[in-house]
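Step one of this worksheet: look at the structure below.
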Amino acid sequence: MKSTVTKIAEKTYQLPVSYKDCMRVPGNVYLDELLFENLQEDVFEQIANVACLPGIQKYSLAMPDCHYGYGFCIGGVAAFDEVTGVISPGGVGFDINCGVRLVKTNLTKNDVTPKLKELLSEIFKNVPSGLGSKGKIRITKDEIDSVLEEGVSWAVEEEYGWERDIKHIEEHGKMKEADPTLVSDNAKKRGLPQLGSLGSGNHFLEVQYVDEIFDEEAAKTFGVSPDQVVLMIHTGSRGLGHQICADYLRYMENAAKKYNIKLPDRQLACAPINSEEGQKYFKAMSCGANYAWANRQLITHWIRESFESVFKTSAEDLEMDIIYDVAHNIAKKEQHLVDGVLKNVVVHRKGATRAFGPGHAEIPSDYVNIGQPVIIPGDMGTASYLMHGTEKAMEQTFGSTAHGAGRALSRVKALKLYTGNEVQEALQKKGILVMADSKGVIAEECPEAYKDIENVADICHDSGISLKVAKMKPMGVVKG
């Protein structure tokens, strides 16, 4: 298949429509030569399969951190016409609104280093983590409906945060289309005890410091400066989101047959966006997204309390404001230019970050001249990046960019090659403290299991789909 792929621009490759009879649009992939050579053939197959779905616009896209996934590849992006297109749970994923939040402080690396172990211990104690972890709060079935409907607004009303937090969250932390009646009792049952917990796998809380500034104006606008300590939170909708996806995958398989949609892969089960089935999934998925935003909000609150406890200063005085919060597993109703015409589309981003350019109405007013903040986390031993969206992303990728480093090794392979103790000791030698619910998670999430984040960030920057603002390096990590 790679023999049919051509390089069409800087760090951009294209899979032609001639590759597969059913392809309606070409597939564009953002890679450099090294990642192109190493990318699995089956990822190209998944990109081609998505290009076969009804109503797809312009391109089937894959970001630099792409790898094999369920239905869409991880790192896959596709926009579908709101009238003729489809919506697919395989284009969102099981962890609905898995996403990343960046919180700033007015502390420096030197302020935090002497108290880092105490701080990590306090965070580890205050934020439940690990497989099957349960949150510290207990909510009723009626209350979970409020969470699913209101998202971050519910958390702020319950005094888990500040009113001003809301403006620096994608969608203001609330998908308005959410309808809790379309979420199964089983999904709610899974979500009830887990609200306010980190979960396991690649989810993490990380204490970082700003190592390098690339764009002084953007950094000043976003409120970051050299040696400043920031917090990164990476988690999603826990078991509730997983159950919503599982419930609707079965539902969508029947819908695809009902509407005579020819699927190149049954994992791409879908329904017309405006059908009863399509609308039900979109509204249930919106509930999962709202749960995830509320989840990150509760965790933010407990991290603020952890800092207050260790530094004997209020979170307000520590200036612990949210820089931004982005979703990277979601489907969104957006407007984009397609062949010079402004169209209503539903953009699927699965392991991809929204990256709206300067001037867009949905960007917070204090950031509108720069572009939307984009947060691209690395792994436990490497840097993370704060970037911003661009007009080029609006033109080429429906305002989308990468979401992280992307896996290079499966969890099973990582466990065979490394032990948790080895990884923990190696990180400690680099001055990075790690706390986790299990040593197995540390091994599974070792730095070697991921692609080079520097490479991914460079491709995004060089191709112009997002631009570097700052580079952060880890000081301490809490893993699920």
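Including glycine, each Cβ sits where the backbone N, Cα and C put it.
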Recorded Mn(2+) 2 site member, picked from Cys98, Cys446, Cys460, that accompanies His234, His328 in Swiss-Prot:
Cys98
Considering the Mn(2+) 1 binding residues Asp95, Cys98 given in Swiss-Prot, which of His203, His301, His336 is annotated for that site as well?
His203
DSSP state at His403 (active site, GMP-histidine intermediate), helix/strand/coil:
coil
Using His328 (Mn(2+) 2 binding site) as the reference point, find which of the binding-site residues Cys98, His203, Leu205, Asp379 has the shortest Cα-to-Cα distance to it.
Cys98
Looking at Cβ-Cβ distances, which residues of the chain lie under 8 angstroms from Gly406 (GMP binding site) while being 6 or more apart from it?
Pro64, Asp65, Cys66, His67, Ile74, Gly75, Gly351, Tyr450, Lys451, Val456
Of Leu205, Asp379, His403, which is closest to Asp95 (Mn(2+) 1 binding site) if I measure between C-alpha atoms? They're all recorded positions.
His403
Cα within 10 Å of His234 (Mn(2+) 2 binding site): which of the recorded positions Cys98, Asn202, Asn329, His403 qualify?
Cys98, Asn202
